[in-house]
């Protein structure tokens, strides 16, 4: 692990390297040389250099010593604030630290006092950067004694755990594997979590003794002569524990410091960092909110720390899945500190996460402009470009990320997916093989490798890869994939351009698809219902009871505002809407919730927020959500009507304005039946019809098969049957097991799954003038039909 002094020592060596006139400051010329030297890949123009220097000299004015320039403390502060990476810059300059004579192998002494006497001469060299910092350092002499004693306790614990083989971690051989999730570097300043994560064994006797002795030091801090000195002691204890990755114990100290000085920014900020590392994202968020409030109330004293608080708060919100909310804080950090490349990268990644691809590309490009060797930013930029259809540039960006970090799992995996989308199956399988070399148990990479080998026509290799994936996880989709592969091998079809026969079909025009009974869903209706059902599944809204929407309306006091047309509405910011969605979907894990918000943002909010104001009419949002939530069809329609009643224009009434009802129905169709587009909505702008409609009239409008939301019945049907399996029946086109409804062609007796039926696909061996289908919701229905058919035929064939 990095020693207490190594970080400040590195900054000192960098400072000395560029302080060419040895006057104790870096003037503009010297500072420019440093910026260029630590960014060897970037070709800066004079304007860019001047802009960076202006920002540095303005932001760190308190550290500018006249014409001498930026002091050592100022340079240290820039690194503390995340404006640069000490380790990266130190390595880029080819510098080396002098060997540390301290080491961990100092003979253990019988008493802490003896060890302190031995360690005293080396105190200055061991002092971490934070201890000497004007705003974060140690203030009282007695605190130094506590810190020295604590260092000795930690050294003892470490020696015992290493000796007993209890300490885990410290292996840095695999540190290029994962994308930067935010906590490894952004949680500074000055106490970065080391790449070499250490896991302490907390259940043994040695650890219990350490905690007991630590309690004695805390009691000493509490017994200080003043509240300020006690605060200083607990903050210092927390910082030392944090540096040594003893996060649980560090959190206790920071919490005590919060009690001593509740309005001080520092303990809340540190407690937030600890909570985040421990996976307590909600607690981290609360601490960062308190830190932000204290910083904003404290004037300019904490202005330098504000960008970092916003970044860390954003990261904590992301940890809870609140990505839209996190965007606001990353954006604020980037405004406060325009050179904060990590804030821009995190903003871009978060925007990508909610489907705002153009804005994501802009933020990520800015991050890369400031730090060209930022592998994670290149990776996320590539993903955003791919989402926008710019695949050639996406490949280049993925490749840059991999060149910078050859074992970058996210870049390799996503590049594999991009090659799959382009039909370059061989290249895709190579990428997944590289992922598995770094992360052998990555079952999704193993499954995708099998699929890409299948696409490349290497069926035997695909079969082996599938079996390997099955060893890693027992998920049902793997069983379906193996079944699919067997079907393909049984019936080697010659397809329409597909290397492995998967596209062996012809597409029939809709008029040739007939239904055998009234209960058989029309092809066009099924296509729309399947699309809405897919959206339901991504968002999990079908698991959200519609009554919860009603509860939100009853308990939510949304402020009334006025739109550009002067119409009063209960509109809220998207970030506030995300909070409501989190309550409605509280059963989702954070990462699943992010996917749900992304789908809702792209499908619903993009239509409701026509003007891109960032605000949404809450009543209309609830009304649009109601039809796809859980509950009976009657309750869904009732809650949709109540949501329209809840809007200011209809409040305190039992009827809604007809123009509102019409706009609602057209919004529904624009969102869930996108082929109708926004043109229908534009037709009704500016209407002043004062007519009103009752709930009964509203339902008639809603159910109208041509102009309403007639797809509702098909959707409810899908909800009840789309997990049904039909024995050994496979779709005659895609060869996958039939799940959901089975559509049987009555003349040729082939079967289609819902998806192939909705797309009008039939096997090329069955070319008919028209096709007549009967829909079976379950295998029991089909068996009943079969028995009746046999019964009729046996009667007709029996002798009279």
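Just so it is clear, glycine is given a Cβ too, placed from its N, Cα and C backbone atoms.
Values in this document were obtained by computation on a predicted structure and should not be read as measured data.
Per-residue pLDDT, averaged along the domain 'EF-hand' (6-41), amounts to 86 for this model. Summarising the annotation, TrEMBL assigns domain 'EF-hand' to 6-41.
Positions annotated as region 'Disordered' by TrEMBL: 100-120 (among others).
The feature region 'Disordered' is assigned by TrEMBL to 164-183 (among others).
Annotation source TrEMBL lists repeat 'TPR' at 231-264 (among others).
As annotated by TrEMBL, repeat 'TPR' applies to 341-374 (among others).
Taking H, G and I as helix, E and B as strand and the rest as coil, DSSP gives the repeat 'TPR' (375-408) the counts 27 helix, 0 strand, 7 coil. What TrEMBL lists as repeat 'TPR' is 375-408 (among others).
Look at TrEMBL and you will find 409-442 (among others) tagged as repeat 'TPR'. Panel annotation: around the repeat 'TPR' (409-442), residues 174, 177-179, 375-376, 378-379, 382-383, 386, 391, 394-395, 398-399, 401-402, 448-449, 451-456, 458, 472, 499 of the same chain, lying at least six beyond its termini, place a Cβ under 8 Å from a Cβ of the stretch.
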Quick check on the domain 'EF-hand' (6-41): DSSP residue counts for helix, strand, coil, in that order please.
23 helix, 1 strand, 12 coil
Apart from its near flanks, which chain residues at least 6 from the ends of the repeat 'TPR' (375-408) lie with a Cβ under 8 angstroms of it?
174, 176-177, 179-180, 341, 345, 348-349, 352, 355, 357-358, 360-361, 364-365, 367-368, 414-415, 418, 421-422, 438
Taking DSSP states H, G and I as helix and E and B as strand, how many residues of the repeat 'TPR' (341-374) are helix, strand and coil?
27 helix, 0 strand, 7 coil
What are the DSSP helix/strand/coil residue counts across the repeat 'TPR' (231-264)?
27 helix, 0 strand, 7 coil
